[in-house]
Amino acid sequence: HTFVDLKSPFTLSNYLSFSSSKRRQPPSLFTVRASDSDFEAAVVAGKVPEAPPVPPTPASPAGTPVVPSLPIQRRPRRNRRSPALRSAFQETTLSPANFVYPLFIHEGEEDTPIGAMPGCYRLGWRHGLLEEVAKARDVGVNSVVLFPKIPDALKTPTGDEAYNEDGLVPRSIRLLKDKYPDLIIYTDVALDPYSSDGHDGIVREDGVIMNDETVHQLCKQAVAQARAGADVVSPSDMMDGRVGAMRVALDAEGFQHVSIMSYTAKYASSFYGPFREALDSNPRFGDKKTYQMNPANYREALTEMREDESEGADILLVKPGLPYLDIIRLLRDNSPLPIAAYQVSGEYSMIKAGGALKMIDEEKVMMESLLCLRRAGADIILTYFALQAARTLCGEKR
């Protein structure tokens with residue numbers, strides 16, 4: 001209705017009468033618009049264009065008391081009253097780029113379901129692994145971390161298979177890099193998948209976990225992974241001094257570009273059970289409390305943080321995630337380095353179980369838990385929900 005037929009003499013009155021008419025005629029091929037000054041003159045003359053009326057005040061339910069407005073200056077709810085405002089003022093965001101996808105691999109061809117972790121599998125390294133990575137990349141997840149299920153026959157007290165350059169992890173890294181050169185591959189550096197004792201280090205006759213001898217083995221493992229093409233090696237063993245020794249070993253072999261993500265604050269948690277089932281890596285005796293941190297301790301995380309920083313760590317990780325939000329925030333507030341959080345198998349399985357029993361909304365709880373880890377200060381999150389959450393973020397539920 002802002003067009004005037006050039007066959008008729010153009011006047012403002014003609015225009016206004018045309019605008020208010022109910023006729024539905026298509027405009028002629030050649031049309032002109034009234035000028036801004038014409039519109040302004042019409043408004044000044046009192047010919048105000050029609051617009052929707054002022055909306056009525058919404059009715060309150062019957063029985064609502066009539067009270068004076070509270071004498072308060074700030075009403076935080078004003079900034080929450082619409083989706084657009086809530087989105088504009090959102091302080092924390094979540095993106096598929098924030099996720100590192102943990103993948104279990106094994107020597108077989110079949111993808112084997114993990115009973116305690118619904119939706120997770122031990123992937124065949126030749127095919128299942130490539131297919132799962134392709135799915136993740138399709139929704140923006142381009143970082144993975146590999147965890148191997150090692151045959152019992154290859155496990156030894158000193159975990160020598162950990163640095164076999166033709167072993168399962170180095171082979172898988174080479175395969176992935178050949179197919180997806182830009183994929184970021186994190187690796188786990190620890191002896192427990194390779195140890196006949198199921199511990200992260202070499203076990204002495206009296207049950208003591210040997211620190212320095214274990215670090216020697218871990219350095220060889222990290223170098224083997226770097227040589228295969230790993231982008232980030234991630235010592236999860238909690239041995240003292242391993243980050244510095246690993247940095248020296250990597251640099252000596254020409255891998256100055258390979259990063260170290262240290263499991264800085266890895267707690268001796270009960271949330272790891274499903275993971276150990278997935279890898280068949282439960283300790284054959286005892287527990288891991290002499291090297292993993294006491295869940296009761298807070299300040300100790302600062303000690304570990306300072307050591308890892310001074311030894312050359314590039315990323316600091318907290319494990320588990322959601323029960324240790326205070327530790328994530330502690331590291332975030334005291335270190336300039338990137339912070340990672342590991343949403344571990346127990347956290348994942350609890351959400352899955354609650355969802356399956358219809359006790360919670362699985363998708364909403366999943367997304368809230370990940371957002372909370374980000375809000376606490378995590379730059380990246382290792383999560384078994386990586387693919388599912390990324391699909392949700394992309395609006396693609398499959």
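Every residue, even glycine, has its Cβ placed from backbone N, Cα and C.
Sequence annotations record features per position, and here Swiss-Prot assigns region 'Disordered' to 48-87.
As annotated by Swiss-Prot, compositional bias 'Pro residues' applies to 50-59.
Look at Swiss-Prot and you will find Lys266 (among others) tagged as active site, schiff-base intermediate with substrate. Neighbour density for Lys266 (active site, schiff-base intermediate with substrate): within 10 A of its CB lie 27 other CB atoms from the protein chains shown.
According to Swiss-Prot, the feature Mg(2+) binding site maps to Glu304. Cβ environment of Glu304 (Mg(2+) binding site): Thr264, Ala265, Met293 lie under 8 Å away, each six or more residues apart in the same chain. When secondary structure is read from DSSP and collapsed to three states, Glu304 (Mg(2+) binding site) falls in the helix class.
Within its own chain, Lys319 (active site, schiff-base intermediate with substrate) has Ser236, Tyr263, Ala265, Lys266, Tyr267, Ser269, Ala341, Tyr342, Val344 as residues 6 or more apart in sequence whose C-beta sits under 8 angstroms from its own. Taken from Swiss-Prot, the feature active site, schiff-base intermediate with substrate covers Lys319 (among others).
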Would you list the DSSP helix, strand and coil counts for the residues of the compositional bias 'Pro residues' (50-59)?
0 helix, 0 strand, 10 coil
